[in-house]
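Trainee: Sharing a structure below in structure tokens format, with a few things to ask.
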Amino acid sequence: MLVNWLKIPVIVLIIQPAVIFSQFPPLQLESQLAHLTNILQDRDYHSLYEESVPKDKFKGKPQKLIEKLAQGVVPTHYSVFIRPILDDTGNPEERFTAPGIVKISFKCEKPTSEVFVHAVEMTINNHFVQIRNRIKAEENFSIKAMEYIPTDSVYKIVLDHPLDINKEYTLTIAFTSVVSRERMTGLYLSNYTDPATKDIKYIAITQFESIYARKAFPCFDEPDLKATFDVSIGRKLSYNSISNMNLVTTEPIVGLKGWVWDHYDTTPRMSTYLISFIVSEFESATARSDLFGGRPVKTWGQPKFIEEGDGAYAAEMAAKVLSFYETYFDTPYPIPKMDSIGLPHFQAGAMENWGANTYREKLLMYFGKNTTEAERYSITSVISHELAHQNFGDLVTCKRWTHLWLNEGFATYVSFLGVNSVAPEFKPFDLFVAEALQYAMKVDAGPKAHALVNDSVTNQMSNGDFDIITYKKGGSLIRMMQGILGEEALKKGLQQYLHKNAFGNVVTDDLYLELNSQANFDSLYENLTVKEVMDTYTYKPGFPLIRVGLGKASNVLYFTQEKFLTNRSEEVTLAEHWWVPLSIKTSLNSNFEETQPDLWLSKNVLRKQWRTENELFRSKSLDYDWLILNPNLGGYYRVLYDDKLTLLLQEQLVKNHSALPAAARARLIDDYFNAAHADYIPMDAALGFTKHLGEETDYIVWTTTFLNMKKIYSRMRSGRRFDNFNSYFRPRVVSALDRIGWEQIPGEKGLDVLLRANLLDWACNLEYMKCTRLSKRLIKMWMDSSYGLNPIPVDIQPVMICTAVATSETDEVWDFVWKKYQESESVSEKFKLISALSCSRNRTHLGFLVDEAVNTTSRIASVDASVLLQRLAASTIGNDLVFGKIKTCLGAIVNRFGGAEQVAYAISTLSIYWNDPEHLDELQEFVVRHSDTFKPVMKLLKSSIKIVEDNIRWLKRFEKQISHWLEENRGPIAAASAAATVAGAVL
């Protein structure tokens, strides 16, 4: 629970019902109300956007009250005053509350005597709820009744007389909300410890996406009910505040000594979920003013981080990326500043609040030599993602949460453009393959697949699917549109889309309308539209498998499409299939820069013959060395080739793998292994694409290989046939290491650093002696260091320390690392060291760690203990020790972690490596016996049981076949031949 995590006493603040009505003003607010009312009236405004926002009529039977909220009453402006109380005031009921007052100006578009606003987990002061004519302030409407409707999280105000259509009114509500310690949504509390004084410092933070602004102040909490905002934050003088806009003035709070109001400038027209305010003692680092046209770009964080320069990198990257986006999309950034705030506790990871982005500290702070290249890439990528939202999500916002992909899919795709503009050494367009496309397809072919857009679901029935489909599939479909239209046409279409819909809301068809104006389809499909193509991907789950085969004549190809499924026993009935863009390259025409389709498969065509004598083939004879479909991976589909075409590709990889782009090489591996696991083809066909790996030095190819080989490794590692896996795969890993170099060169950065770390991890896990010797040499250098400084390059520290612990013949290394863990004050270093300790092969050491992980008086903090349990569960020796401890001490472990969640996570890790009926029976019996304890996590445990069942089936199906192929092909790499029997990939 968050209460334990924040290490502060429990005060129950949330009382049912979720909104409390009071006949008296909230604590300490009564003396402020008269002053606030005067300020609100003095700060009247003229709307920047006088046009009314069109409202969709929501479908569906439930939530009828909220349907009224979205019709008739349309907000145009908010003035929000809120005062989070973080320090002790002498009144225990007052601390960690946030008294405030909101004045909402709105238009009445339909005659109504009822007004609904969202509000939850707050006290509403009935005595200070008013509705007045905005122009004639003296015209005050008598309130007949007020009611909270918990099922809809709305506050209902009933008037004696109806409001007049097309007139503007103001609704004023006094309230007290909660600075929660039990959730990380709405307005909530975080903290950190001052390293000098050891005092706990508190932070008030907001996280409003998707429906949580209503937990901080009463509002019309829907994405399409946009308005402008004046935000005023009350704080003590020892704190500072941040909000979306620039600070205009600060003034004392009348009657509250030592308190001030920070008044922020008026925002552009925006959705409630993007409002942000933070109260803290943070400090900031500012990017050079010339990086973004003189506009301040800052990183905020704990003073110790800022003083050590840890915020400078993020500020510089943010300024550069903002400048790039502004130019690329020809769209000015409308906020006069950008603040990026690093938070100790932030569940969402990062959030695109307009002008005030929030992040987990680890995803924002760059700790110099202690930050790995993988972490630097992550920081750069996440910043680029959130800044992409400033256009796609903030400026132009999805009208309904069911069209969330217009926010998140675009942020995914555009973030790779941003990274490429500031850190091209990471080759982000290649990384897109593994980070987005492959990831999306794994989910989209399985039981968690769902349509990207489902208009049968209303805004109120869905708060948005913040998942892989929305982010990764959404981004992959935008990349497919780039392949179809060309980058320049896509860019121009997106510029039009942003310009036309700025400060407004959109649905998917609005995007397709603008992109269609840039489309130039083949004359055969001159009436085809972007919408017609893309609807076949956005409105149903899944994607096509394309099979390619040679006809009797070599210039004849056959193409078929079907739905790709990981479970082929599933019955599939599709009313229509997909419009599939087919881009074809051969050795005679290998211009991979050309991405637009050579032909199409219609959504109503399952099989197509194509005959050509163009430059793809040059003649009717088979004189090309290879043929490949979708080489730049623009199309969202998998491809399998017939035997002859498959063999040609495998032979080409062995002969000269660089003839094909790295992304295409990675895609062949991913398509074939996924198809083999799903029984479309024999596993031999997939393994044939790994023969060239000894020559391979590209990160994306190896990353794809590791992802697919890990499934084989985890299931075979404890079996008698594992030697065949090791004998085949290890030499290829070692050969790649020999090519890129075993040790990191000073100043080296980018993907080569990431590749080396991954290759070393596998080489050491596969017990290659050179890797073991390297780890021992490096750990000795650390142990002999006069000042205790770690000389091991930070990027390979995890694998080197792990290997040294695992292979040490004495207790010396283990004792040294354990001591370093206890001495360290760095969260990231402690994580690294506790993970390394779990690598030990000494049962005494591992037993000690298991005991420490579950012991309430342990020297291992609970956050590290949860990591340790999972690491030990992944260990060949440790997994049985962990399960044994869980069985004998379940109650104590549940008490240690405040619930059964960590036990379920550990069992989930165990299940990946268990593949025998004995373990399956033992696990099933244990879960049934403790079903009451496991009730909150039963879904995860059932999933773990299914994984073990799948592992058993997999071994029966594949182990012997794979082992035989590996044994047949495990000779010297130089002698490896592509001439393998490839069967099954037929039409």
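Counting starts with 1 at the first residue shown.
For all residues, glycine too, the Cβ spot is worked out from N, Cα and C.
Found this in TrEMBL, in case it helps:
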SIGNAL    1-22  signal peptide
DOMAIN    74-274  domain 'Aminopeptidase N-like N-terminal'
DOMAIN    313-537  domain 'Peptidase M1 membrane alanine aminopeptidase'
BINDING   H385, H389, E408  Zn(2+) binding site
ACT_SITE  E386  active site, proton acceptor
SITE      Y471  site 'Transition state stabilizer'
DOMAIN    626-936  domain 'ERAP1-like C-terminal'
Trainee: For the recorded Zn(2+) site, enumerate neighbouring residues of the same chain (Cβ within 8 Å of the Cβ centroid of H385, H389, E408, site residues themselves excluded), in sequence order.
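Mentor: Going along the sequence, the neighbours appear as E352, E386, A388, F392, G393, N407, F410, A411, T412, V414, S415, Y471.
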Trainee: Test of understanding: give the count of other CB atoms lying within 10 angstroms of the CB of E386 (active site, proton acceptor).
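Mentor: Result for E386 (active site, proton acceptor): 28 neighbouring Cβ atoms inside 10 Å.
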Trainee: Hey, how far is H385 (Zn(2+) binding site) from Y471 (site 'Transition state stabilizer'), Cα to Cα, in Å?
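Mentor: On Cα coordinates alone, these residues lie 11 Å apart.
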Trainee: By a simple count of other Cβ atoms within 10 Å, which of H385, H389, the binding-site residues in the record, is least packed?
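Mentor: The binding-site residues H385, H389 were compared, and H389 has the fewest Cβ atoms within 10 Å.
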Trainee: Which residues in the same chain, at least 6 apart in sequence, have a Cβ under 8 Å from the Cβ of E408 (Zn(2+) binding site)?
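Mentor: G393, F466, T470, Y471, G474 - these are the non-local Cβ neighbours of E408 (Zn(2+) binding site), listed in sequence order.
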Trainee: Suppose we draw a 10 Å sphere around the Cβ of Y471 (site 'Transition state stabilizer'). How many other Cβ atoms does it contain, all chains included?
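Mentor: Y471 (site 'Transition state stabilizer'): 23 neighbouring Cβ atoms within 10 Å.
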